[in-house]
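According to TrEMBL:
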- 14-108: domain 'Cyclic nucleotide-binding' (DOMAIN)
- 148-217: domain 'HTH crp-type' (DOMAIN)
Amino acid sequence: MKSEALEALRCHPLFAALPAAELAAVLDLPEVLAFARGETLFRQGDEARRLYVIVRGRVELQIERLDRPPEVLAQLVAGESVGADALLPAGRHAATAIVAEPAEVAVIAAHRLVARLDQEFDLALIMLAEMAGSLRGQVKEITELKLQSTSERLASYLAALAGDCCGRAVVRLPCEKRLLADRLGMEPATLSRAFAKLRDWGVETGRGDRVDIADVGALRKLSESLATDGDGDTP
């Protein structure tokens, strides 16, 4: 299990600069934890003592609100980290991390990593730069979502799943449609209407995770035209 944890850290940009011996030194005990679907890594407001790197599975990051359902901030998969609040003095988790698919995570003891960063200023700068880049990416993504109509959000998302493909493609949704609706900032019923609108442009979906796209290039152009014209949908 320890070898899996070390391999996960070596592949993560935040920890790639650490020598192997030092990677082992920042791991907590146990080094790897397994979680079933629905279990919680930590809750919003909990004291933050550990940082996690996902070895396998999927973790959902949520903001809990008193008067409304939780808002999904991110769907995190293998190779991504969660719990960076633990690196802050007296840090508390700003969100709740719930396991969306059975997961294994490498566990980093925050106090050990912080002590190492205190000794290596250059390493601290590298980690700060990586964290800042990740934050900029999240802010950019959230901003773009707020400016897009619901049909445009879905069209852009499906086109991104198809990667470099320009013609016909079959993509698999990485999560349940309920979670996808949260991810795209809309209600499940609104997501269904968005899929129905895209059917006229060759997008077909069933009950499973499979989505058939007749022409990915046309779908990309469609998302651009919707950005210009707007389609009137609201979440």
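Positions of Cβ are set from backbone N, Cα and C atoms, glycine also.
TrEMBL: automatically predicted annotations, no manual curation.
For the domain 'HTH crp-type' (148-217), the model's pLDDT averages out at 86. DSSP assignment over the domain 'HTH crp-type' (148-217) gives 35 helix, 11 strand, 24 coil.
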